[in-house]
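**Q** Below you will find the structure I want to go over with you.
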């Protein structure tokens, strides 16, 4: 290339770029109208319950029949919940409705200065519990499905551990649960060496949404302050792209404050001290005992989630006694779990199938209870086991009668049935041993472990050595000591 042709080629490219700039700039004015007209959260719903700022939404059904067990979505206390109903073709709410579910959602609203002293105790044991009871009453079900997103997933775990009889299946979407050098940037920034939640709440009261927004944006500053706007300019002539971009920006800028005491409690107890994963968290004077989580549990995680890395979620399944746990991992990020086209093409159909298999009542059939991990993207490994088409009903709740009671049979006065002989084995001056599961913190799993070392009653537990038992059944000494103290109090 000669100097002349080089100069001419350079000039040609400059003119082409200038022309392209003019075209994009011209389109920008047209797209400004598009930005101002986008709408979000348009799936029809009605408010069926209100308390303080909270609204419980019930969505209009999309199918003639619905599954017996409804789904209550518990959203985070940060940002608005319409990220789950951002647009019709990328709406978690719509997807669940179209699959035949009866869907409810908690919209927390925004706390006022009067709500500064609300705690996790209030949100979990009062607000969520009241909403669950409303859904139970309306559906006629003793237990319902919970689907918690982000912080809402963490609170759903707390609730399910405190009220396991009310939760049939537990879905956790990008839920921060285990913070043992597994929580990524947020855990590092929030380390008590460098960060004091109390100092923030002392200064602000409620934590301002602007404060939270800047913190989240700084986790990926190049993407949030440069790259996404370059991408917008490059696609400004694409109306669909601009609409999607505008909806996301509307949601990102529509933040809400967080009640001060709740923020402080959540950061200190869950992030900094990892109390939830260590089974040491207390709410409303009660232990949030992970040993009570025996219901089916589904973890929905994003492979590229920089807010809640998969490592802060997946290990939780090893901390609970549930024999029916599963992980569905999508090749996306934190927000992409709810709005990306890939998630709605692969991930949410798999999630819907999981709930469907466990949301019919009235039979004894249950899905296979093996712990498994699936990846619903195109690179997922295929397995030999695939769920049968259609619905797989779950066994009836424990407090429901599956079969009719047999008619009582008349027994002659001089005859004794076999069933009547059994309780007579206890002498008149003896009482049957008290069940181990009556001790707070002991569920079927721990009861089985204790039985393996010869402890089958409360009196036997009261006489046990906590250190020896803890080492044998692989349970913290502090937990066994608490059990022994409870048992001793009952046998004194």
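Glycine too: its Cβ is placed from the backbone N, Cα and C atoms.
Bear in mind that the values here come from a model prediction, so they are computed numbers and not experimental data.
What Swiss-Prot lists as domain 'AB hydrolase-1' is 70-336, and the listing cites sequence analysis. Under the heading active site, charge relay system, Swiss-Prot lists 150, 305, 334, citing sequence analysis as support. Residues annotated as region 'Disordered' in Swiss-Prot: 359-443. According to Swiss-Prot, the compositional bias 'Acidic residues' annotation covers 362-371, 379-388.
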**Q** Below 8 Å Cβ to Cβ and six or more residues apart, same chain only. Which residues does that give for residue 305 (active site, charge relay system)?
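**A** The list for residue 305 (active site, charge relay system) reads 174, 332, 333, 334, 337, given in order along the sequence.
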**Q** Indicate the candidate from 150, 334 with the smallest number of other Cβ atoms within 10 Å of its Cβ, considering only these active-site residues.
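**A** If we count Cβ atoms within 10 Å for the active-site residues 150, 334, the smallest count is at 334.
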**Q** Averaged across the domain 'AB hydrolase-1' (70-336), what pLDDT does the model get? Just tell me the whole number, please.
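**A** Computed over the domain 'AB hydrolase-1' (70-336), the mean pLDDT is 93 on the 0 to 100 scale.
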**Q** What does DSSP assign residue 334 (active site, charge relay system), in three states?
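**A** Reduced to three states, the DSSP call for residue 334 (active site, charge relay system) is coil.
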